[in-house]
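According to TrEMBL, the transmembrane segment annotation covers 52-71, 87-105, 184-205, 211-237, 258-278, 290-309, 321-338, 353-374.
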Amino acid sequence: MPNMRYLTETHLQGFERYKYNSIDTSLLSVYVMHPFWNACVKYLPKWLAPNLLTFVGFLMTVVNFLLLAYYDWDFKAANDKSVGNTVPGWVWTVAAINILIYYNLDGMDGKQARRTGTSGPLGELFDHGLDSYSAALIPIYIFSLFGTEDLPPIRMYFVIWNVFLNFYFTHVEKYNTGVMFLPWGYDFTMWGVSLMLFVATIVGPEIYRSSFYGITVANVFEVGLIGSGILSSHPIIIRNIYLSYKNKTGKMRPMMEMLRPFFAFLWLFVITLVWSFFSRNNVINLEPRILWILYGTIFSNIACRLIVAQMSDTRCDSFNILMWPLVATVGVCCFPWYEEVLGTDLTAQGERWLVHGLTIFVTLAHWHYGYGVVSEMCDHFKIRCFKIKKTPVNDVAELNEVVDATKPTEVVEEV
């Protein structure tokens, strides 16, 4: 496993030819956030690697997850209305600030790369790969505002899958069109999540347990999140893909190849759906937080492999290798004839151990994949992930530097 390579020579050659192409039409992004980021990035030192900004931003989402996991592991902190949400008020403030740090660093990393002359394929892959992991982490913060009374785990499951779909559909679009159409919803979602967390600090999280004529805030949250994707994102993506075929500006893949990215995604959805409804011990209510991390990690691996395929212009996977142990585990946990065959049933504690063990295995495997891909790209492009590498100077340049010590040092591509 230490010598396992994830990128083929075809992948690496595709990365060499890759050119980033994106279109951002969000009014909030174009007229507010980009000018703000352009001003902020000027204060960053030029020796600061863009990937370091990306990684620090991602760590903010991890800190949020760990904080809320400590104070509300099972999402029941908000359940007792007479007591109120037991998560300390300062946690919501820290979580809101961390989301804004993540969002703004995510907006500035590309600008820092262009400013330092270090733009390249690794930076985009690193950025979007970590974003795919954050897609699982960020919705989990909001669940602690509602509790399992207003938002049961099975409904949390569909909320998370809606977030997965919104993120993944954008990259399916790029896989087929060659253009990253930046979704409007991203900016508003980041500000919306931060605002909800700040309100929990100022007004109190109990406001999110209120209802009006039987309609809870959790209901509004669900409908708003799912509806925004259906109305503002999915039709636009479908239209962009259609126009790329009509105008012959996209990849012009055959129909089954165009749909191929969805195969692994749908396999994961079906397998996890079966586990959610047919678990012998109703595991979705026993260990929802661990399940969301498990599903999010496998989703991130699927998304990362799609991003590699789209950037290197290669064929994407139709099935993900990490789903094999998932299939085996689901088979064991949903097997209906335990007592007839084995004379005993699968205990709740036994299923918990299987969930924890599988999550640890899948997480380590995904981390190894990420580390391997980044290392292979760094080796190929002769760069470093978290450090801007100075260009070696030849003898003439060295002589010029002696004559003119104030001459700035050039940098090579770093991503």
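Backbone N, Cα and C define each Cβ position, glycine as well.
Since the structure is predicted, the reported quantities are computational estimates derived from the model, not experimental observations.
Under the criterion of 3 or more C-beta pairs below 8 Å, with sequence separation of 6 or more, the transmembrane segment (353-374) and the transmembrane segment (290-309) qualify as touching. Sequence-distant contacts of the transmembrane segment (321-338) (same chain, six or more residues past either end, CB-CB distance under 8 Å): 264, 267-268, 271-272, 274-275, 278-281, 283, 294, 297-298, 301, 344-346, 351, 354-355, 358, 361-362, 365-366. If you look at the transmembrane segment (258-278), the same-chain residues 6 or more away from its ends with a CB under 8 A from one of its CBs are 154, 157, 161, 164-165, 168, 171-172, 175-176, 241, 284, 291, 295, 298-299, 302, 305-306, 309, 315-320, 323, 326-327, 330, 333-334.
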